[in-house]
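A.B. asks: Before I ask anything, let me first share the structure, which is written out below as structure tokens.
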């Protein structure tokens, strides 16, 4: 079967990852001790994508937990699923990266990376036909960002033909953890553009807004935010974990969503989102789901899709949904909002369906959009980066770990190129394509 090896790095990555495994284990009927207690055969049909079967009815996640300090991993170990993971798959240092990307990427992280790669190899060898890796991390810190991107490039070297898919928490404009976030994020994006195949952008501020506005939580905790992220992760991977047709593996997903290799940063969304108290008072319909899914308030990255155009979209419906109705609704959205979809990629909106709905819902949908509006997110980080970098603020933290200013300049220009590329395809029209071809013919004559 097509297995996926899951890595979680840094504090953020480990917390999101732990939540993800809670949700997935619950959906597959796997208890905290790894024993299968489910009722539905479909739960086991493609269980090997994420789990190793090690005995009669006992399953262990293909997860590798990495951090440069023991704290977060201790809390995962003492959490509800602590006994589920393989003890050898906890790889941690003692020093911490102190939110310093250079420490994660060049000094502290580089010392630990071989130990992690050994575990990666062991997991990869235990698979039948590995389809790829997924990694959860944040881009604003030291370990998840610095060491996370180091791991990605090392794994890329060793498994060049396997998919690399990242769930990346991007620093948000208003909620900031550390002052050097723009540096760490820019250096990370510089790596992700080159080494990742699919990056799902998640952003704390957008998650806060959803918790606050839609879920009516007055003081959202990180637990609530991570719960939202785990919905999306579970939804994105549904088509990989349960029998289904479309986007049934990471590569097919990428082929459908990535028109140009560098533009692989997706916005994610989930519906239905309702306040906890009012869930049982409404029946969700496909039109409602489709409406909410395309709603800007539903995006888990702080950029507004109405400011750009969708290059491609994938929607994964779950539950007992009529595919005919889904197709009609999706077509409906495209017809009404045709200005927001590029017209030079025909059939750029795809929908897939899986019978098993998430716990507590009759039907749900997960949204993935490759929108040119994601440039807002990079532009914002880039502006903050430039403001600090032109004063060379805080640079000594990085240079004393052996980094060069040149690397900052490179990362900055790579990110600006990325923004420009998104803008170029946002402005592109079918006519331009035609004009371009005519010019080529004239040149040849």
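Residue 1 is the first one shown; counting continues down the chain.
Yeah, the Cβs are placed from backbone N, Cα and C, and that goes for glycine too.
The GTP binding site annotation in Swiss-Prot covers 11, 69, 138, 142, 143, 144, 204, 226 and rests on similarity to another entry. The Mg(2+) binding site annotation in Swiss-Prot covers 69 and is backed by similarity to another entry.
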A.B. asks: Counting across all protein chains present, how many other Cβ atoms fall within 10 Å of the Cβ of residue 69 (GTP binding site)?
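C.D. replies: Taking all protein chains shown, residue 69 (GTP binding site) has 19 Cβ neighbours within 10 Å.
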A.B. asks: Which one is it: of the binding-site residues 142, 144, which Cβ has the fewest other Cβ atoms within 10 Å in this structure?
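C.D. replies: If we count Cβ atoms within 10 Å for the binding-site residues 142, 144, the smallest count is at 142.
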A.B. asks: Fewest other CB within 10 angstroms, which one of the binding-site residues 138, 143, 204?
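C.D. replies: Taking 138, 143, 204 as the binding-site residues, the minimal 10 Å Cβ count falls on 204.
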A.B. asks: Within a 10 Å radius around the Cβ, which one of these binding-site residues has the most neighbouring Cβ atoms: 11, 226?
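C.D. replies: Result for the most crowded candidate: 11.
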A.B. asks: By the DSSP assignment reduced to helix, strand and coil, which category contains residue 138 (GTP binding site)?
C.D. replies: strand
A.B. asks: DSSP on residue 143 (GTP binding site), three-state: which is it?
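C.D. replies: The three-state answer is helix.
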A.B. asks: Does DSSP put residue 69 (GTP binding site) in a helix, in a strand, or in coil?
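C.D. replies: SS state of residue 69 (GTP binding site) = coil.
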